[in-house]
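Straight from TrEMBL, the features:
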{"type": "DOMAIN", "residues": "25-83", "note": "domain 'Dyskerin-like'"}
{"type": "DOMAIN", "residues": "275-349", "note": "domain 'PUA'"}
{"type": "REGION", "residues": "483-550", "note": "region 'Disordered'"}
{"type": "COMPBIAS", "residues": "496-505", "note": "compositional bias 'Basic and acidic residues'"}
{"type": "COMPBIAS", "residues": "521-538", "note": "compositional bias 'Basic and acidic residues'"}
{"type": "COMPBIAS", "residues": "539-550", "note": "compositional bias 'Basic residues'"}
Amino acid sequence: MASVSDIQKSGDFAIKSEAVTPKLDTSEWPLLLKNYDKLLVRSSHFTPIPTGCSPLKRDLKTYIESGCINLDKPSNPSSHEVVAWIKRILRVQKTGHSGTLDPLVTGCLIVCIDRATRLVKSQQGAGKSYVVVARLHGKPEGGKQAVERAMETLTGALFQRPPLISAVKRQLRVRTIYNSKLIEYDEDRGLVVAQLDCEAGTYVRTWSVHLGLLLGVGAHMQELRRVRSGITGEGDDIVTMHDVLDAQWLYDNTRDESYLRRVIKPLEALLTNYKRIVVKDSAVNAVCYGAKLMIPGLLRYEADIEVGEEVVLMTTKGEAIAVGIAQMSTADLASCDHGVVAKVKRCIMNRDLYPRRWGLGPKAQEKKKMIKAGALDKHGKTIDGVTPDSPRPTRPVQKAIDEAYAAGYLGKDACGSGYPFDVYVHRGAGAYICGEETALIESLEGKQGKPRLKPPFPADVGVFGCPSTVANVETVAVAPTICRRGGSGDVYPPQKTEKRKRDDEAAATPASEKKKKSKKVKMEDGTERDETPEERAARKARKAAKKEKA
């Protein structure tokens, strides 16, 4: 047995600080929460709201209404028939599919249910992969090498016209083949088995015809199967129509949800290839109502986000809120204090699943008080649909008026004259047409600032039906001088600016005294002189003759 001294010599048993802090392993977390710890942190302070849940923990009704099925479409029925059957089996309101397959084609068909149908458009434009069996009409020269060269030629952007069997307009289109791979070639039977990675909307039937033309023997498509649609392939829990029917029968008879939950996947499974932006719980409902995501509502974000890129907005529980367009890059998100992070392209989450957290600021509170007092309607608008002016610009004016009252310039005995002169500020309902006195009166009465029909004139029926005189700011500014010196022309001459004086002098000058600007004529020595009357007359005659000729 070792002694205490021997144990002490073996180590100091002190707790040492390490440079690497332990991290949470999120590599096995499901759906959008996978590798959550690798997201860049904008803010770590937020108040979680006890609403919502993980997509895998939703109740069965909500789980089905926000789910999708990776269906192995059978041969013979059309895509629309298959989708209608699933709608009837699951007893849901809406179903849709991402990319139509011809009746004889089999393979991956993404069926979206209810709320997941909002993702159909984005899935229809995703890339596809097919395995095609093409039958050659003869033996090509060169054998397998010739087939591989022809397939390599049919890679990239190609012109295609839809075949006659397709129920679309037969116009020339450009489609891209990203990759083509020869799986098997049977020269005796004239069969070519190939895999194509292509753009959505590519006609493999047309590709097979082009392959035969390049080989010089002709060809047609014998069989076709889709092995991938977007990011979902044959190996991603693909199910058959029998699985869907059996799962619903098992739940109806035994109330066992497990089979249905295996057949149906949450819609978030279709968004795992998007770059993620995590939103605070307090901003979720605002985004659901279509608001732009601002910097204060940002929690975490993905690296390498570019401006204009499609991103998925998600909650801290892994729920998809919306598909948006990024308005800032990753570098901007890390450095900016304010601004728009993303605009909503397609909202996915239903409204009011999370509580409202807007309308709690000082301006919103003031508007609520006005609504409660009856000054505004329930939408925060007046009867004519305009909001009141902000009180901020009126505060310095009101302060100046108060100082004028305190100094004795305004009031019952203005400037000691014995006459009353009162000035007060009245906030209007909004902007009005400048220079129109009746428009200003309409705004003061809380209506839209548009001109009235005249007569009656404001001198008879003005503000709130009383006789009124509307004066401009300059007249009000010189009101003390008018009170002190009187308002007649000899006592109070008009005050004019320098520009106004020059304009009046120019208007009073006779036309005969105005100096005409003469045209300069360049001499041989490089100097210039004024044009003579004879030269001016000759120039005008040449100009008139040229105009008549034209």
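Using N, Cα and C of the backbone, Cβ positions are placed for all residues, glycine too.
Model, not experiment: these values are computed from the prediction.
Under 8 Å from some Cβ of the compositional bias 'Basic and acidic residues' (521-538) lies no Cβ of any residue in the same chain that is six or more residues away from its ends. Across the compositional bias 'Basic and acidic residues' (521-538), DSSP assigns 6 helix, 5 strand, 7 coil. The average pLDDT computed over the domain 'Dyskerin-like' (25-83) stands at 86.
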